[in-house]
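Database features (Swiss-Prot):
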type     : residues : note
TRANSMEM : 13-33    : transmembrane segment
TRANSMEM : 43-63    : transmembrane segment
TRANSMEM : 81-101   : transmembrane segment
TRANSMEM : 140-160  : transmembrane segment
TRANSMEM : 191-211  : transmembrane segment
TRANSMEM : 215-235  : transmembrane segment
TRANSMEM : 297-317  : transmembrane segment
TRANSMEM : 338-358  : transmembrane segment
TRANSMEM : 362-382  : transmembrane segment
Amino acid sequence: MQNNSFLARLVRGNLVLQILAGILLGAAMATFSPEYAQKVGLIGNLFVGALKAVAPVLVFILVASSIANQKKNQHTYMRPIVVLYLFGTFSAALTAVILSFLFPTTLVLATGAEGATPPQGIAEVLNTLLFKLVDNPVSALMNANYIGILAWGVGLGLALHHSSSTTKAVFEDLSHGISQIVRFIIRLAPFGIFGLVASTFATTGFDALAGYAQLLAVLLGAMAFIALVVNPMIVYYKIRRNPFPLVLQCLRESGVTAFFTRSSAANIPVNMALCEKLKLDEDTYSVSIPLGATINMAGAAITITVLTLAAVHTMGIEVDLMTALLLSVVAAVSACGASGVAGGSLLLIPLACGLFGISNDIAMQVVAVGFIIGVIQDSAETALNSSTDVLFTAAVCQAEHEKRA
C-alpha cells in the first residue's frame, strides 16, 4: 500500500520540481562519488534512448492520423509558424554577429576534429535535405529522418483522408496509444536527467571549459538574449499580451529537458505533450513540432556565427558590414540544414569560414574548440531550439484562435 501511495505521489507530483531534484542529486553524486556517478549514466542513456525510439513512430502516426481525420474547412496554421521559424533563426544569427563585434573573441586553436567531414558548400547541405525528403519510409523511421517521416506521414494522411471511418478510427486509436506511452516515458524524466547530470559532471567536469570563458559568455549571452528578449517580442507581436508566462513555461517544461537530453529529436515527445497541455490545435502542432526540430535552429545559427567570427578575429581578418550581413544569411540558411549534417551545427562552421577565405585546416581546429565546449554549447543550443518550437507554435495557434473567436 505504501509503495502504491509513493508511486501515486510520484505520478501526480510537479514534474518540473522532480526534474530539479534530479539535477541537484545528480550534481551531488558527481561531486562526492564520481565513479558511481558514471555508472548511473546508464539510466540517463536509457531515458534518451526511449525518447529517441518513440519519437519517429509518434510523429509518423500523429501526422498521418491528424491529416486523415481533418474535417472539411478546418484550418491549420503552418505558414505563419514557418515564417516565425525562419525569422527567429535569422534574428539569432544577426544577434550573434552584433555581440561578436561588441565582444570580439580570439581562440587558442585546438586539434582533434580531423576525423569529421564538413559539407563542401551550402548546395550540398540543401541537396542532403532534399534527398531526405524522398527517403524510403522504413529507412526514415529507422534513422529518425524527420523530413522523410513528415513527407510520408503527410502523404499517407492525404491518401487516407477519403477512406472509411473505421480506418481513420484505427489511426486515431494508434495515435492515442502512442501518446500514452510518451506520457509514461516523460514521467521518468527526473530519473533520466539525474543519470545524465551525474555522468556528465563526473566525466567532463568544468575545468576544460575555463579557458574558453569569454567564448562561452558570448555564445550563452546571445542565446539568453534571443530566449528572453527577441522571442518575447516576436510572441507579443502575435498575441498582443504579456508574452512572459508562455515564454517561461516553454523554457521550463521544454527547455530544461532539452538541455539535458541534448537532442531536439528526443525532445519531440516532450514538446507534443506540452502542446497538448496548452490545448493547441493538434492538426497544427503534430506537423509544426517535428518540422521545428528540423528547421527551427536559432541556437545553431548562433553557434555557427559566433565561432566563425571568433576564427575571423583570431586570424586578424577585417570584416565589413555587408560581409557580416551575408554571414547572418549564410548562418541562418546553414542552420536550417543542420539536421541534415552528421555533427550538426559545428560541422557547418567550415562552410561559414569559407566566406572569409579561412583554410579548412584552421576551420576544423575551430570545430575542435566547439567539441571542447560542447557539453555547455550543445545543451544550451538544443534548449533554445526545442523550446522555441513550442513557443512559436503556441503563439500562432493562440493568436489565430483569438482571431476566429
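Placed from the backbone N, Cα and C atoms, the Cβ positions cover glycine too.
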Range from 43-63, 81-101, 297-317 with most C-beta pairs under 8 A to the transmembrane segment (362-382): 297-317
Checking distant contacts: for the transmembrane segment (81-101), what same-chain residues at least six beyond its ends satisfy Cβ-Cβ under 8 A? 218, 221-222, 225-226, 230-231, 234, 238, 284, 288, 291-292, 295-302, 304-306, 309-310, 313, 324-325, 327-329, 331-332, 335-336, 384, 388-389, 392-393, 395-396
Answer key: the stretch among 43-63, 140-160, 297-317 with most Cβ pairs under 8 A to the transmembrane segment (215-235) is 297-317
Could you pull out which residues elsewhere in the chain have a CB under 8 Å from any CB of the transmembrane segment (43-63), counting only those six or more residues past its ends? 140-141, 144, 146, 149-150, 152-154, 157, 171, 174-175, 178-179, 181-182, 185, 188-189, 191-199, 260-261, 263, 265-270, 272, 282, 286-287, 289-290
